[in-house]
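**Student:** So TrEMBL has the following annotated:
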TRANSMEM  A:29-46  transmembrane segment
TRANSMEM  A:71-88  transmembrane segment
TRANSMEM  A:95-114  transmembrane segment
DOMAIN    A:113-379  domain 'NADH:quinone oxidoreductase/Mrp antiporter transmembrane'
TRANSMEM  A:120-137  transmembrane segment
TRANSMEM  A:149-169  transmembrane segment
TRANSMEM  A:189-207  transmembrane segment
TRANSMEM  A:219-237  transmembrane segment
TRANSMEM  A:243-260  transmembrane segment
TRANSMEM  A:298-317  transmembrane segment
TRANSMEM  A:338-359  transmembrane segment
TRANSMEM  A:371-392  transmembrane segment
TRANSMEM  A:545-561  transmembrane segment
Amino acid sequence: MIEPVLPPALVMVLGASLIPAVRGKWRTALVLGLPLLTLLLVWLVPEQAGLMLPFLGLELIPSAASAEGRLFATVFALMAAVGGLYALGSKARPLELAAAYIYAGSAIGVTFAGDLVTLFIFWELMAIGSTAVILLADTQKARKAAFRYLLVHLLGGVLLMGGIIAHWLDTGSIAVAVMAPESLGTMLILGGILVNAGAPPLSAWIADAYPEASPSGTVFLSAFTTKTAVFALLVLFPGTELLIWVGLYMVFYGIIYALLENDMRRILAYSIVNQVGFMVCAIGIGTELALNGAAAHAFAHIIYKALLLMSAGSVLMMTARRKCTDLGGLFQSMPQTALYGIIGALAISAFPFTSGFVTKSLETAAAAEQGLLVVWMLLLAASAGVFLHAGIKFPWFVFFQKDSGLRPPEPPAAMRWAMAIFAVACIALGVFPQPLYAILPYQVDYQPYTVGHLVSQLQLLLFSGFAFFVLLGQMRRTLTISLDFDWFYRRFMNALAEEFALRAAHAFERLEARAAGRLRALIDDLYVHHGPQGILARSSPTGSMVLWVALMLGCTLLLYIF
Amino acid sequence: MTERTHWLYRPENRPKLWALLMVILALVLLPELFVHHHAHFPQLGFELDTQVGFHAWYGFIACAAMVVAAKVLGIFLKRPDDYYDD
């Protein structure tokens, strides 16, 4: 007997489109209930592929459950529910909320895609939903950022689609299965996924676009796009060595740029690249321990990064300020928001008894297990760097440092509840990691709480903190941004286009002048021969005609005589 | 309305806060006397990570290096924050 189970993504996406249509209590019920219903369906979809859809001669499987898919879909649904609560509190526009839920639903669609075409369709739906979320912040800056964001993601989408088609022509398969980036098709697929992961060179879109959204918009954005990319890498390209180095680059890129940054939500956006770098690196290592680490880290990361951005969003909403140079001393009037922000900061830094500690250590342990000494040393340095750029820098500059004199009140209750739920989740996962370990893709045989690990992690973090305060003078915030690859498409290409337009206009003018000159010469020439005085158009006087006739007659007479 | 400065911001408390930090740092170094760290890479003969306080000095130096790296890159990369505003 076939159980008629609805695809979870479909329920979420269709339900989301009802949000603007209902009001009051019904909307609240829909916003909170829809993700939970989706979560229920995520666990009800049977393991074996159910529904098949014929499409252009292909068999599509829109809803296929896997361990990895369930894990990611679970945290996506939880994220949507708590993000929805936060958005209700921050009075987000219903349209923005609908876009965010369509975005979340399509992310769940990616994790349940049974074939590459379905994956691609949801992938693009995510790009549209997330662009709408940025657009609906409704500021001039957001509109421009949304356009740049869309361009980057359309490029990623084109790479992915080209890759899927090439792969299908090569192998005749559109199955979501492990592949190696050795053919054109698989290389394009890898490239398309890496664009969404925030990999170099196009990492700049995250810090460019996310901080322009509304307080709740940024919270949603931080969760789905990069983490579905992690999911796709996890199921398609585990053990691809290139990813180790791409991941390490992202890790340090995130730290350095976050250290240079002044905008509080941009700091956290750079930190997304840093965190995804850890996951990408672990996927590159590719052992069961490493893949478990990447999946668990993604799960924990979504929760604590959302918590950090909720805390930053609350500050933004209550003070209308976003720069570290304008903030400081807010712990006095926003103690709860500060506390939740600090819990998120401790979790991202992998402090013992937080979710970061029990998940990120799987990744470093995997590097050690494989004997990758350099990778391990770099990951260790990066862990210290996370505490530096996100763990201390964010709470310090926003809630402490100098007293800015601002005394904003706490945000509305719904926003505080959303933060409280995720703060509790960060600590609960840290203290009781077993339920999370139980739903990881592979059997977990790892004990995070050993005395040696606790002591070494505490030393690493606290001495990083010591370094922060010793070097505080070197990190004075300045009213600056940092150039990144986006300079090429925001300034260089722009200047190139302007230069091209200028030069083309000059060349065209010269060409025009030359053509006009030729024409004028031709007219002058015609005038000489055919003008009033021209030899070919001159009219002769009657007298000369008579003279010529007389002359000719005279000649005839002379010929006749002789 | 005159609000008394919070104790964190009073200048006379700064040395106390530094002292507190030092005490905490000393406390996390204390277990080094009793705990023996196992090597992560015994097969490579790499034993730096078993040294006393390896994670402490490595964390400190790594952070200092990253701050310096950011500072140096900042010379080339920093622009006024209205750079892209038209």
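Cβ atoms here come from the backbone N, Cα and C positions, even for glycine.
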**Student:** Of the stretches A:95-114, A:189-207, A:219-237, A:371-392, A:545-561, which racks up the most C-beta pairs under 8 Å with the transmembrane segment (A:298-317)?
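**Tutor:** Checked against A:95-114, A:189-207, A:219-237, A:371-392, A:545-561; highest Cβ contact count belongs to A:219-237.
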**Student:** Test of understanding: applying the rule of at least three C-beta pairs under 8 Å (pairs 6 or more apart in sequence), is the transmembrane segment (A:545-561) touching the transmembrane segment (A:189-207)?
**Tutor:** no
**Student:** Does the chain bring the transmembrane segment (A:120-137) near the transmembrane segment (A:338-359), so that three or more CB pairs sit under 8 Å (pairs 6 or more apart in sequence)?
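**Tutor:** Taking Cβ pairs at least 6 residues apart, the transmembrane segment (A:338-359) and the transmembrane segment (A:120-137) are not in contact, as fewer than 3 fall under 8 Å.
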**Student:** Return yes if the transmembrane segment (A:219-237) and the transmembrane segment (A:95-114) have at least 3 CB pairs under 8 Å (sequence gap of 6 or more), otherwise no.
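**Tutor:** These two segments touch.
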**Student:** For the transmembrane segment (A:149-169), could you work out the same-chain residues 6 or more beyond its ends whose Cβ comes under 8 Å from its Cβ atoms?
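**Tutor:** Hits for the transmembrane segment (A:149-169): 116-117, 120, 123-124, 127, 130-131, 134, 179, 183-193, 195-196, 202, 205, 208-209, 225, 489.
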**Student:** Checking distant contacts: for the transmembrane segment (A:371-392), what same-chain residues at least six beyond its ends satisfy Cβ-Cβ under 8 A?
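**Tutor:** Those are 244, 248, 251-252, 254-255, 258-259, 267-268, 270-271, 274-275, 277-278, 281, 285, 308, 345-346, 348-351, 360, 363-364, 460-461, 463-465, 467-468, in sequence order.
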